[in-house]
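Sequence annotations record features per position, and here Swiss-Prot assigns Zn(2+) 1 binding site to Cys71, Cys73, Cys86, Cys89 based on sequence analysis. According to Swiss-Prot, the Mg(2+) binding site annotation covers Asp461, Asp463, Asp465, on the basis of sequence analysis. Taken from Swiss-Prot, the feature Zn(2+) 2 binding site covers Cys815, Cys889, Cys896, Cys899.
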Amino acid sequence: MKDLVKFLKAQSKTSEDFDVIKIGLASPDMIRSWSFGEVKKPETINYRTFKPERDGLFCARIFGPVKDYECLCGKYKRLKHRGVICEKCGVEVTQTKVRRERMGHIELASPVAHIWFLKSLPSRIGLLLDMPLRDIERVLYFEMYIVTEPGMTDLERGQLLTEEQYLDAEDRWQDEFEAKMGAEAIQDLLKGMDLEAECEKLREELQETNSETKRKKITKRLKLLEAFVQSGNKPEWMVMTVLPVLPPDLRPLVPLDGGRFATSDLNDLYRRVINRNNRLKRLLDLIAPDIIVRNEKRMLQESVDALLDNGRRGRAITGSNRRPLKSLADMIKGKQGRFRQNLLGKRVDYSGRSVITVGPYLHLHQCGLPKKMALELFRPFIYAKLESRGYATTIKAAKKMVEREDAIVWDILAEVIREHPILLNRAPTLHRLGIQAFEPILIEGKAIQLHPLVCAAFNADFDGDQMAVHVPLTLEAQLEARALMMSTNNVLSPANGDPIIVPSQDVVLGLYYMTREKVNGKGEGMLLQDPREAEKAYRTGEAELHSRVKVRITEYVKNEAGEFDAKTTLTDTTIGRAILWMIAPKGMPYSLFNQTLGKKAISKLINEAYRRLGLKEAVMFADQIMYTGFAYAARSGSSVGIDDMEIPAKKYEIISAAEEEVAEIQEQFQSGLVTAGERYNKVIDIWAAANERVAKAMMENLSQEEVINREGNPEKQASFNSIFMMADSGARGSAAQIRQLAGMRGLMARPDGSIIETPITANFREGLNVLQYFISTHGARKGLADTALKTANSGYLTRRLVDVAQDLVIVEDDCGTHEGLVMTPLIEGGDEKVPLRELVLGRVAAEDILKPGTEEVLIPRNTLLDEKLCDVLDANSVDSVKVRSVVTCDTDFGVCAKCYGRDLARGHLINQGEAVGVIAAQSIGEPGTQLTMRTFHIGGAASAAAKESSVQVKNTGTVHLMNAKFVTNDESKLVLTSRNTELTITDAFGRTKEHYKVPYGAVLSKGDGQEVTAGETIANWDPHTMPVVSEVSGFVKFVDIIDGLTVTRQTDELTGLSSIVVQDVGERATAGKDLRPTIKLVDANGNDIFLPETDVLAQYFLPGKAIVSLDDGTAVKVGEPLARIPQESVGTKDITGGLPRVADLFEARKPKEPAILAEISGIVSFGKETKGKRRLLITPAEGETYEEMIPKWRQLNVFEGEMVQRGDVISDGAETPHDILRLRGVRAVTEYIVNEVQDVYRLQGVKINDKHIEVIVRQMLRKAVITKAYDSEFLEGEQVEVARVKIVNRQREAEGKPPVEFERELLGITKASLATESFISAASFQETTRVLTEAAVAGKRDELRGLKENVIVGRLIPAGTGFAYHQNRHKHRLVDDVVAKLSEEDEAAIADEFVITADDATQNLATLLNSEIED
């Protein structure tokens, strides 16, 4: 019993028992304390005896015996001698495995600088000594002397001397001073540093300096020095005097046949170090000439550098085959390094893989497992059963039986497998649905059978895909597999909450076919008493599947008590729909079935079943749908023949008409009326339009057929053409593909993306000629190349996303914040793109939601908005809701359940411990391969569409103008004088229906608050020029408008009108450089006019290229244009689309020419211009004027005297998220990133919930920059985790001190991953060397909070089921302390009292511990 208690004590001290991992610099003493002896010789093993040489790199005396419990000379063998040290060979008798953990060391004859701290930028040694890296290297590699002790001379400490200077100084001062070279000199300098004093000095300098660069430099150095002071690392440890030697079994030497050896590169590197070190020792003993010693020291330094990080400095040392040797640093970094290959990417035992095939008869929770495979995978279980049943006496006998495949073995296998779930995985596992659990059904054959409905989740098809099988061994693993990973528990997609168990292809076609209706089918108009009779009529051939009939349908509706009430009605339907109703579960409405079912409708069916009836019913229903779909797809006999591709008769006339138009344009081009570019664009437009018309004619032709109904009249019905049915049902193919089969192929692109102007007029049914085929090949090949690139890029994006979000877990229920995001429906132009309910469904309300126009609370705050509550919102026409969001969540490390809302894959509020970060990363990364890689070129049709010039309303309602300023002209229309004006149309309930952006100078026929009717045009503007609108009436007075100097006159040849064009500053003669052409408005007497209600003069500066068509002294009225500024035609600007755009957003990259935003609110004016820039001034109501230089070529959005708000756009361009964050705050930047990312995904038709993108944004925002530190631990300008600052501020508040002030900072995902608190996670991501160097110098602690760190140290992750485990661990920590306090006597007493088995002991211990906890 005593042993047992000891054993239990020892057990509790396992790997579980730490919470923090600290990294630091190793001191020489520490390295010696690890070591078991000094390696003195470079020899490895004796080539004859294969025994390790004494004192060599594989020495048994230092590292341990080569054979288990046997010393080298063979004097002591076997277990009884364990722990004895042989007096002959000095080897300890113990297990061989100590050779994996015992280290040795090498005493270096001269100190050597550690290359990581020297060369990894920024150089730590350089920063500490405040010397440039070049100088340090000169000293280290023996090119220059450095003064280490100036004494009474006028040399400085740390001054560099060349050989001559050194000799001169020696002549002058003899031994008053000390100067050295090599690592010793650096070591002396580092030893001599007084860190505390240096810190003080730097702090004072920081107070005094004003220059930003100096400040940054000092802060950097100060941070490093403070890190040294706090971590207890000593600077001189960055120079090594002792080198540790890795245990020999970690750098093995293996004899190959033929007397050669295979060895790890490290042995070569170590050998090199030892050789040079020994030679240096000898030279020092011989007191050799300085120059030789120096050379040897330099070589030693180089060989140690190569051992630690080969190739970082100079040429990499290569082995016999010219490839660089793999150094210690290479062992841990990169995809093949320790972190990613062995710690994060372990391989799994008990697994097999095979090809997959269809199992259409399986249930959703089953899969077919080949018997051969099952026998192999469940081997240990079978052995155990055979023994316990007494069929086999030993394991060996059991093994024989299994190998013979006795009959009894198969019976036992069936027993073992029963209710033992197995995991199936299909690579690439892009989201968590790529691994699911199933119950195996034993089958003959060698292929795994997979249920067709889970194919969508695995993205599997049966064209030769393979899948891997894994067996969960422990009870806990089986439990998890069954309760969490079973395919029946994964009906909804975690990305968007829609069902992912959706039928596709055959099943969809079958259901579509059986729910279609046909005019005048056999048996039309029958009256049937129930669906069973309908089926009978169909089976006996009395009625067709599609005939319209009346059937009595019984629906079941839930009442208040939750029981079903039957409700029977006579319904107009078809035979097929009535038959389908037979598989519908109770509680579903018949209306969902009484329609032609396409893929979307079927998806809705399953969704409704899940929401109304719960998981079990929905799963059974999905299975039934599948069986029925397959059956009726077979019955339909759909097939594709060449005659199904009907070419429309109109095609040829459409094409010839287009050809005529093209010829006409060609003539115009040749007579010089249109430019080459215009011709090209017009030709492409013509062909694109022709293609559309052919496609339309073809679809009309295909999609309908005319039939005679019962009354004998012709009636149109949807066609039963096989190709059309496949596309219409959503089973396979699309209108675009049918267009290529039966319409025309249309325009093709060249490899560079530009469009070839001669289209392919043929389709695939007619066949392509040689030229057409050749043009097609471009696109096809580009598609293949794109796909290959896309996969790699998409995978890398996913990896970065996972890495940045991996430590985000739900850690508490409610953080109590009132913050949130205000959601409004997304409306672009006249249509609602995303309705409000889609945005708020599954979120938690942050504030009470009131009934519009009243104070009545519809939904109290902190309520999860589910489908029913969203219906309430719709019914009350609520148009904006403030919901909780992860971005505004107040939890320190992690997020709270209320801020996250619904778990999309389960449909209820999310559980604690759910790893929402990883789910978000997978949801965004998984569809990555569906996004395009291209950047789109706007050419032809697209560029024409981009120029809108009016707003035509689609809904009747009320006009609202946002940030609008306008003047009323004499036709009493409004002329806008403000930029970025937004115009919205709201309905009677105040819901926004349409949303437009209206430019400056647009003429509006309706004002704010006025009613409009649908179809009315309420705004017009010229898309090609931007007017300068007069805001007062008066007479024009030209200032600085001098012909030939600042302006030129141009006369139009056709009209004879003359106009004045302002010259660009760059084109003017020197005399006109400083003149600023201006139109001033004066009254009849020539006095200045001020703008109404201001003291700003009515004068308008004209930029270059402005066109003035008025003359000096002309009278103008309010709202008339004074001048026109031509808008540069956008030409073909590429839009970055698809995957690269998403990556740019998440990396928070700054665009090439970012928009310029107003830094403060105030009045705009312009100061003196320089050659290429203008000076923009913003004067606020109070405070300093802000000025900024803006290049001339930037088009400005503001005029002199205009009022701007902070964050308004001053000059066009792509907005930078960093600016949005700085000027408009966290919510604005979240909204921006979410919307931009969603735009890309929406374009591809991929649905992702906003939550996931917000999760990533939260991680991008987790750092802050300290702006005011007061007396806290932070430095100003330092980058720290927001959570850290929050914690410190809470303490300061409690102590009554002012809180530390900070600004949030937006980091791209790669930067954010590398800047995480956990150095283990960062090191395993990228730039391993840099991360580890930084962490070691700072003496960082890793709290093991994230998932990745815990996987690396080999524990359960603190998420999911591991979340509870880690919480319990912390509880048990307290208990273990209690057990540890038991004294020896108590233990003895316990031992006397009980004589019990180990199992009982564990049980007793458990009760003991529980009682302790309760106490």
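A Cβ is built for glycine as well, from the same backbone N, Cα and C atoms used for every other residue.
On the structure: features taken from Swiss-Prot.
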| residue | record | Cβ neighbours (10 Å) |
| --- | --- | --- |
| Cys71 | Zn(2+) 1 binding site | 25 |
| Cys86 | Zn(2+) 1 binding site | 20 |
| Cys89 | Zn(2+) 1 binding site | 17 |
| Asp461 | Mg(2+) binding site | 11 |
| Asp463 | Mg(2+) binding site | 5 |
| Asp465 | Mg(2+) binding site | 17 |
| Cys815 | Zn(2+) 2 binding site | 19 |
| Cys889 | Zn(2+) 2 binding site | 23 |
| Cys896 | Zn(2+) 2 binding site | 22 |
| Cys899 | Zn(2+) 2 binding site | 29 |
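Surrounding the centroid of the Cβ atoms of Asp461, Asp463, Asp465, where the record places Mg(2+), the chain contributes additional residues within 8 Å, namely Ile356, Ala460, Phe462, Gly464. The CA atom of Cys89 (Zn(2+) 1 binding site) is located 59 Å away from the CA atom of Asp465 (Mg(2+) binding site). Sitting within 8 Å of the Cβ centre of Cys815, Cys889, Cys896, Cys899, and not among those site residues for Zn(2+) 2, are the Cβ atoms of Glu812, Asp814, Thr817, Arg884, Val886, Thr888, Asp890, Thr891, Val895, Ala897, Lys898, Tyr900.
Other residues of the chain with a Cβ within 8 Å of the Cβ centroid of Cys71, Cys73, Cys86, Cys89, the Zn(2+) 1 site, are Ala60, Leu72, Gly74, Lys75, Tyr76, Glu87, Lys88, Gly90, Val91. Counted within 10 Å of its Cβ, the other Cβ atoms near Cys73 (Zn(2+) 1 binding site) come to 14, all protein chains included. With respect to their backbone Cα atoms, Asp461 (Mg(2+) binding site) and Cys86 (Zn(2+) 1 binding site) stand 65 Å from each other. Cys899 (Zn(2+) 2 binding site) carries a helical DSSP state (H, G or I). In terms of C-alpha distance, the listed binding-site residues Asp465, Cys889, Cys899 place Asp465 closest to Cys73 (Zn(2+) 1 binding site). Under DSSP, Cys89 (Zn(2+) 1 binding site) is assigned to coil, being neither helix nor strand in the three-state scheme.
For Cys71 (Zn(2+) 1 binding site), the spatially nearest entry among the binding-site residues Asp463, Asp465, Cys815, Cys896, Cys899 is Asp465, judged by CA separation. Distance from the CA of Asp465 (Mg(2+) binding site) to the CA of Cys86 (Zn(2+) 1 binding site) is 60 Å.
Counting in whole angstrom, Asp463 (Mg(2+) binding site) lies 44 from Cys899 (Zn(2+) 2 binding site) by their C-alpha atoms. Between the CA atoms of Cys896 (Zn(2+) 2 binding site) and Asp465 (Mg(2+) binding site) there is a gap of 40 Å, rounded to the nearest whole number.
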